[in-house]
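Take a look at the structure set out below.
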């Protein structure tokens, strides 16, 4: 990824995380949700972070020292899903929604889903 793309994406994730934490702070005085989804949320988050990290590890091993050409990823879920690291990132954000149970975290998870679906579609077109 080019640096001029990586910086705004990283900043948007950072700002969204800060906003999510602030939105959580604003709900301190509100009634607790009727269903406690903290533990399923923690499980989703852990599955997401582990799956995301594993697939990024596979991506990091694609090129040997000095190689410049692009290779189609293999291993993990790459044979089933175009961008499994995106899938697991989406799972992470739904885990955060389950933990916090705020409208902002739900909107963030939905927005992230559509953003990463678009990026995955573009990656598929690039592969073809």
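Every residue gets a Cβ built from N, Cα and C, even glycine.
Database features (TrEMBL):
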type     : residues : note
DOMAIN   : 18-127   : domain '3-oxo-5-alpha-steroid 4-dehydrogenase C-terminal'
TRANSMEM : 7-25     : transmembrane segment
TRANSMEM : 37-54    : transmembrane segment
TRANSMEM : 75-97    : transmembrane segment
TRANSMEM : 103-122  : transmembrane segment
Within the domain '3-oxo-5-alpha-steroid 4-dehydrogenase C-terminal' (18-127), how many residues are helix, strand or coil going by DSSP? 74 helix, 0 strand, 36 coil
Should anything in the same chain at least six residues away from the transmembrane segment (7-25) have a Cβ under 8 Å from its Cβ atoms, list it; otherwise answer none. 1, 96, 100, 102-105, 108
Across the domain '3-oxo-5-alpha-steroid 4-dehydrogenase C-terminal' (18-127), what is the average pLDDT of the model, as a whole number? 90
